[in-house]
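Q: Structure below; questions to follow.
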Amino acid sequence: MSPKGSKDSRKVSLDLAAWLFNIVTSVGIIMVNKALMATYGFTFATTLTGLHFAATTMMTLILKYLGYIQTTHLPSSDIIKFVIFSNFSIVGMNVSLMWNSVGFYQIAKLSMIPVSCFLEVVLDRVQYSRDTKLSILVVLLGVAICTVTDVSVNAKGFIAAFIAVWSTALQQYYVHFLQRKHSIGSFNLLGHTAPPQAVSLLLVGPFMDYWLTEKRVDAFHYTSTST
């Protein structure tokens, strides 16, 4: 096999591993989060997300040591932009869930689809088919109907949802943008972004969680099982 073919095969394997890892960890994280919040009462969502990114940082360091992640360069300006979008997304979603009904929260998440498509059209000049446009129109119509009929929607909740939706869509767009711009895979990008996300969320998380829950993360009754 030629060096180029070997390199392409390695990239496909890494992308497949990243895809499978994303599915497994996403399901696992949801189960762990549910157990921590419902069973043990650890309601500090932002701090918990920071801990997840700290664990992710450790994982990427191990993968880099084993040779599965190549050493690459990513400009600090790009990393900072990504971290800002990602952190606004995380905090925005938490605040949106606190200030809105669960139904409106889910509708807001659904509206990220047309927002993401809008960003691709404006920034990348992507052309969608008529069927895709009709599907997006149906989603927008559903969001509009649910927004009007959901009596629990309030001004600050709507603003929080708006910020959460746009920051999340920008984060998702920026992931693909950085991968194309720097020709790096998912694991490589994660290796660059996970450490600053962990640090920033662990610094901001306790204060944000106290504002949201009026509980201090350092006052939580930690046990060996919950830890």
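Any Cβ shown, glycine's included, is placed from N, Cα and C.
The following feature annotations were taken from TrEMBL:
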- 24-206: domain 'Sugar phosphate transporter' (DOMAIN)
- 12-32: transmembrane segment (TRANSMEM)
- 44-67: transmembrane segment (TRANSMEM)
- 79-97: transmembrane segment (TRANSMEM)
- 134-151: transmembrane segment (TRANSMEM)
- 157-175: transmembrane segment (TRANSMEM)
Q: Under 8 Å between C-beta atoms and at least six residues away from its ends: which parts of the chain pack against the transmembrane segment (79-97)?
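A: Answer is 45-46, 49, 105, 108-109, 157, 160-161, 163-165, 167-168, 170-171, 174-175, 178, 192-193, 196-197, 200-201, 204, 208, 212.
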Q: Quick test of the contact rule: Cβ under 8 Å, at least six residues beyond the ends. What residues does that give for the transmembrane segment (157-175)?
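A: For the transmembrane segment (157-175), the list is 81-82, 85-86, 88-89, 92-93, 95-96, 99-100, 104-105, 108-109, 111-112, 115-116, 119-120, 123, 189.
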